[in-house]
């Protein structure tokens, strides 16, 4: 109580300087906080999910991990909240002896722990970037009153935070919500804006930040690392609004940093994914600009097609080799299906958008309904790095996202890929109401339609065995049924997804739409 007058006085100063929390605009709605995009905030466990159809194959022995965004508390400004900003929530489906157990836990980053101690949200998101944080939040980040005054003064004269200040601010943006996979012998959760976090693979308890032996202590890494299926080497990169804009990393299988190099690009951009072949790494530098001055606005990622689009191609394992740049028409790519060498060319299969979705769409509401976003479609790019030319082939007209492959064929010529897609009529309470198999040999896709009110996210492929032919195995997918507000776990024949499901298991509650996941074999 002795300090209360000082707290009130400082809060008034922060309000005057524009660093205090402000109230939201309640007139606008955010579709990503409604329906099955809204968080389910209970951490749950179930020893055995109810089997409602089929039979769980005895050969399925391991854990299907998936992750998605789930704000631990209501965000300070719901209108400005972006779908990508929910705190990471992991679901683990453990398959053993024909039964499936389920466990659900938050990734307890420093941000989540600080907010749990406060009992409310303390931090805003990328569209506010430190402009709607209460005093309690700034204190948790280690800022003194003098530093807060300095931050505002720097903003008023057009200067960004100092490097040490920016690192602390970014801890408030650590959601760790985008991918969960076994990497460097650990179960890690990843997000492109912050360090990885290690989880206990059984309990899902958060063990803490994982920085690859300190190599990435203050450097970001994207959530889509690539692992060579033969050597186990790990390839990844990080991007930033400050130079160096792009840094390429190569790690040994145990997570030791083997090499890093800067990739010179003309402006900072959001770069969610990349690709590797047996000999090359490819970086998509597209006109989704992420300039530092725009981080101070409600529109931090902007679509600027006049800036041009290019793919940077570098030798995969030669950190000193020159970079080659190949221009292509303006587009946006969130995700890669696969890439491989074909003579002197590279074949690159991606979900291509005509423009950036989910950001900078215009209009009063920063989060219009997802149906107002452009569609992505599976597209093949054939790149000749020596000549600097690229050709595009649309592989399938079906709107799709979340492409996956049989990981044994990563960075190699391959035949099969799977995606979440949209087919036929939909009631609009989700986006992807079908699961597709695409056969590159036959050049055609086949879809399992889920119904007009049932929706899914990324499917995961599980091989029947280590030496089985490509694609022989199962697909695992969580499906939400809007009519009943329930979720099921589907087990499908990967090469015949239109067939009746191999098994359908009822989840104990609805599971919100998520991002990515992985399969980890038992043992």
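For all residues, glycine too, the Cβ spot is worked out from N, Cα and C.
Taken from TrEMBL, the feature Fe cation binding site applies to 224, 272, 335, 516. Secondary structure at residue 272 (Fe cation binding site), as computed by DSSP, is coil.
Residue 516 (Fe cation binding site) is surrounded by 22 other CB atoms, counting those within 10 A of its CB over all protein chains shown. In sequence order, 178, 179, 222, 223, 273, 334, 336, 515 are the residues of the same chain, not among 224, 272, 335, 516, whose CB sits within 8 A of the CB centroid for the Fe cation site.
The secondary structure of residue 335 (Fe cation binding site), as reduced to three states from DSSP, is extended strand. Under DSSP, residue 224 (Fe cation binding site) is assigned to coil, being neither helix nor strand in the three-state scheme.
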